[in-house]
Each structure stands twice: as C-alpha cells, then as structure tokens.
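If you check TrEMBL, you get these features:
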ACT_SITE  E112  active site, proton donor
ACT_SITE  D259  active site
ACT_SITE  E353  active site, proton donor
ACT_SITE  E371  active site
DOMAIN    579-673  domain 'PA'
Amino acid sequence: MSVRNDLVMLILYIYFCYRDQIVEMFDHAYGSYMKYAYPADELMPLSCRGRVRGLEPNRGDIDDSLGKFSLTLVDTLDTLVVLNKLDEFEDAVRRTLRDVRLDNDVVVSVFETNIRVLGGLLGAHVMADMLRQRGERMQWYRDELLHMAKELGHRLLPAFNTTSGLPYPRVNLRYGVLNPLSRTGTESDTCTACAGTMILEFAALSRLSGEAVFEEHARKALDVLWEKRQRGSDLVGTVINIHNGDWVRRDSGVGAGIDSYYEYLMKAYILLGDNVYLERFNTHYNAIMKYISQPPLLLNVHMHNPTVSVRSWMDSLLAFFPGLQVLRGDLKPAIETHEMLYQVTKQHKFLPEAFTTEFRVHWGQHPLRPEFAESTYYLYKATGDPYYLRVGQSIVEKLNAHARVPCGFAAVQDVRTGTHEDRAQMTVSRDTLFVLCLSTCTFCSLRRTSFTLTSTNTSSPPRPTCCLSPCPLHSPPVGGIGCNLGCGLAFYCLYCLAGQHDPVYLMLLCNSFHQCLSFNEAHEGVYRVKLVAEVTQTPEEEVVPLIVQLISPPYLGRTVLTAGPAKFGMDLIKQEHGVKGSIVKTSPYTACGPIENAQELSGHIALALRGDCMFAAKARRLQEAGAIGVIFIDHREGSNSAETPLFQMVGDGGSTADITIPLVFLFSQEGALLTSALEDHNNVDVLMLPKERQLGKTAR
C-alpha cells in the first residue's frame, strides 16, 4: 500500500482508545530512533544504531528508500503534531532545516521518496503553517519546508522523462536519470502502483507552490495506466514497460504492485474534486468485484482471462482493501475480507507477507505493515461495533509482546518462529490527504486551485468547493469535503477530539447512494461515519414515512411523530392496524450490552438510543428480552425530520431474517418529545404504523 504508515501510524489509527499506551509506544519507537540512529535514515533496532546506506550490507530494493535525508525524521514530523507533541515538532522542524540535504548522490525509489519524504515535507509544512496562524508557535517559520518540498519535487521530475510519460522507478537525487553519473536510466519496467501513486503529493505540491508541472506529470502517468487497461475486463496488470506501455506482468489483483493505484484514484477524487478519478475508480472497482473478489478472498487473475485465478495465495498488502471498500460504502465484503484477515492473524500473530487460501504461511516475514490496522479502524468508525476495538487491542498487544525490543520495534523475520530482523521500517508517514484535511482552508484552497493541464483527460476540471472558517488545531470538527451530487457520493474530512487536545482524524463518509449532507450538517456532526453501515437510500427507491402516534391520555392521538423505516424486521406497511404498545426506556439506553431491564421490557415497545453498535445488534438483544417493537432515537442533538431526509435502517452485513419485531427511527427532536412524555406520564401508549394510515391529521 502506498501510504506506508508503518508502526507509528498503525498505532495512531487506534490511538483514541488506548491513548496512554500508544503514546508510550510512539515514544519508545521515535525516542529510540533519535537516540541511537539520527541522522541516519533508519534505526536498526537489534543493533541499536542507525542504518547508513553503503555502510551496511546491501538489501537490494529495500534500500531504495534510503537517500541519506534522515528519512524517519522527515516521515515523522506531522505525526508529532497529531500527537500534540508540539515542542518535539518545532525541534524536529529546526533539525530538518539544519541537517537534511536533498542533493545527495544517491539512487532512490521515486515511489518511496514521494510518499515518505515529499509527503512528509508537505504534511509538516501544513502543520507548521497551521501552528503559525494560531499565533502561539512557529512564528519564525517562513515556508522553508514547502521550499524543500519544491526542491525535492524538481529532483524527482527527471524520472518522468520517458516516451510514455510513465516514470522511471529510480532517480539519482543529484544527477537525475539519464546523466552519465546517475547510475540509473537503464530500467524498462515499473510497477503499476509505482507509476500510479504520485497524484496526491504532486497535486498538493503544485497547488501549494503554484507550479502546475508536478500535477501535470502525475496525472499524465495515471492517464497512461487508464488507457492501457484491458478494455474487456477493465483490469490492469502488475508491471508495465515505461517506454512503450506494454504490460510485462499481466496478473491483476489488489495487493502488491497495484494496491495504491486504486487507493490514489479514490483519494484524488476526494482531495481534488475531479470526477474523472472517481469514474475511473468505480470502473476498476466493478471489475475487481466481478473477477478478483471471491468473498472473503481476493485472488489474482489474468487481466486478459479474468475468470481464472493465477495463484492460490494472497499477499499482506491487500489488507488495505477493506478500508477502501468502507470509504466507498461497500460494507459487506469489507467485513468479510477483514474477518478472513483477522483469522490469519489469530493463527500466526501477524499477517505473513503471503499466505495461502487455507491460511498457511507462504512467505513468513512481517515488516510491521499497517494495512490491516487501518482497515480495522475504518470498520470500527463505520459500524461502531466494539468488536473492531478488540481487534485493534489485539494488534497493539501483539506488537508489544512479539515485536518490541530494547531499542524500538523490530520486524519479524518469520511469523512461525518469531525471530526478528534488524529492521524497523519506521515509515511514520500519513497519507497526504490525511494531513491536508486537518486544515479545512488548506484543503479548500487546493480544491479551488486549478491549472490548464496538458494531460489527455481534462474534460472535468477540479470543481470549486466552498470553504468553512479555518479549522484551528485541536478544535471540534468544523468542515470537510462537500457533496458530489452527480454520483451521490459525499466525503467529509473532519477531525475531532479523542480527549483533551488529542485530535484524531475522522473521515466522515456517506454510502455511494446516500443523500448528500450540507456543510452545516457536517459542522453539527450529522450522521458521523456509522451512516455508511446503518442507512441506505437510492434515487430509485422511495422511503415510505412511518409514524409514532401517542394514543394514551392526555395525547389521544393528537401527537404524531414522523419516523423512518427499517429494511429488516416486521414490515409495518403490511400490518393493517399497525403495532400498539406502551413504551419502556432500555437499560442500557444504547442497548449495546446485556439488557438490564428485560423483565420490564417484556411485552412493551423499547426506546433505545442510536450509537455505539449496529441497529441489528440492538434489535436482536431487545427482541430476545421480549420487546414487541423498538423505537430508535437519534443521538445527534438537534436533528429533526423537517430538515433531514428520512432513511431506511439496514442490517449489519449478515442475515437479519431472525429479527421479526417492528423497528422505527426518530430524529432527536421527535425523540425528545417522546421521552419527555414518558417522564411526565408513567404509562404512554403508542401506535407504530405508516403515516398515510395515521389516526387524525396532526403531525409533528
């Protein structure tokens, strides 16, 4: 996966739950690097010293990420701000400006240098600028990191000097590619991910610096990959010739060699607002789900003959894909594949680099990859199911038990024996989108900036997006990405507090077919991320409104509350006279644990608060407790049916045939009327039925 968030960003994804433990782990890893390795690129955690390229035995392609530019320091900069280590951040920025050189006579990976060093510099610049604008820190900062990023961008540009526009896989930082002193330029091939994982950083650099050349080259490379896809299957291969665009390896999957190409298409749409990227992603995604996805497995196929799998094993990099599916709103296959991966980790402590369809080890290494943790995080935010917190906790515990050493955390050489490698791969970077979205106005300015690009597909330029007020660091969420009404897909980049002064990134998202939400609703936190799993509405299906009508004295049918339906449980439309009963508040109110007042609920209609777990999980518990129906009340303060479209509650990705009681949903204001009535009168009888069959004509 391109966003090489290794150990520390892996930790960050579950930071909000195990904050103190996670911060201690970060301090152990980063502190060990600074004490034993800096200014080297990487820490050797078993030897307790830095790895300097040329002074240690050559490791082949692995060493292409080392450019004698204090890689780990640069890669960690913005993480320090996210963890609120502002003193350390300011010190690290000063060290970077003082010590880091980008003109070294070293051949480096274009891909790794882009996502880790260029991305690190850009992310740190955005953070430094935010702190400077607050007026409390970094007042001395004058965009020096952005100037360094621009210098590095120009040092990477020679890689794109090919006939096709696809970049060389390696570049000499000082001499480029084709210079006689460069020691590179003989390559003919590159991986699809290597060529297709430049747009976020390069576009951000263009729009921050005003130089369009970076975005032009990154987009041209994506254009070539799109044009070279197999038109019958809409799949791409793993390795491509950079000069003529012919496919060298034609196996197609979502793991190593291709993974971040798909990821960057989706995130380029989020960051830049250009529909072309979303259209391409959706085309590829449909092909993936048709040919590669064999739930819960994701198997490589031949791009020209995609009905036949070409191997019986999977690689660990595909573990990012469930998280990407959550971003798209396709929850069920994400849950299935994630669970398969979790079963593999339970057998082997970590995900092996490759494993068979029978979950046996194919390659035993585990270099502390973060992809499985990232998908776990997204699934927790989408479902609210504490199951994924437990998965996250197990990841942390296994890291401490099996990867922690006195000088940091060491990669696992073989998951079967638990032996370590003298390698930390401390790629602490975040994806560029993560950091840019922390600053609403930085994000919006990127979206508003557009260039006359020279690449082949420019029919849909980036669309301007309105910008909210600045998003001050360590404040509640205030903004994000607006809706693309054309496809019904909305993304909101937000961040919020996990604790006092501890910001945790939240990607608030809607399902592909959900109604888009306004910025004001985003500001109020409408729907949060659990919307993806809990509601569904397509343009073709009408949501039939239901009601909760208070029929006992003193209401006598005069108070009628508009309610939303569920796609599971009893169909109230088919119940001629609706369902009648007295209401009882559930304990606990969220119904996400053992029901404490089951005897009181038996034979009554339960009131339960939305949140913390899925609607289906609540319904099962309450049905088992004897409730004859459930009224779910929105936990978002101030929501109401007059301003927010109704939606249909859906299940949890599995069968809901066992749930037979009726279920309805009330927004917060309507729910408050109902709970107030219950507080004023010990016995409140209600009738749940379709709105068109209400008793009387008054509706609230």
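In case you wondered, yes, glycine gets a Cβ from its N, Cα and C as well.
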Listed active-site residues (E112, E353), ranked by Cβ neighbours within 10 Å, top entry: E112
Of the active-site residues listed as E112, E353, E371, the one whose CA lies nearest the CA of D259 (active site): E371
Lowest local Cβ density among D259, E371, which the record lists as active-site residues, within 10 Å: E371
Length of the line joining the Cα atoms of E371 (active site) and E112 (active site, proton donor), in Å: 16
Secondary structure content, the domain 'PA' (579-673) (per DSSP, counts of residues): 20 helix, 25 strand, 50 coil
Inter-residue Cα distance where the pair is E353 (active site, proton donor) and E112 (active site, proton donor), in Å: 19
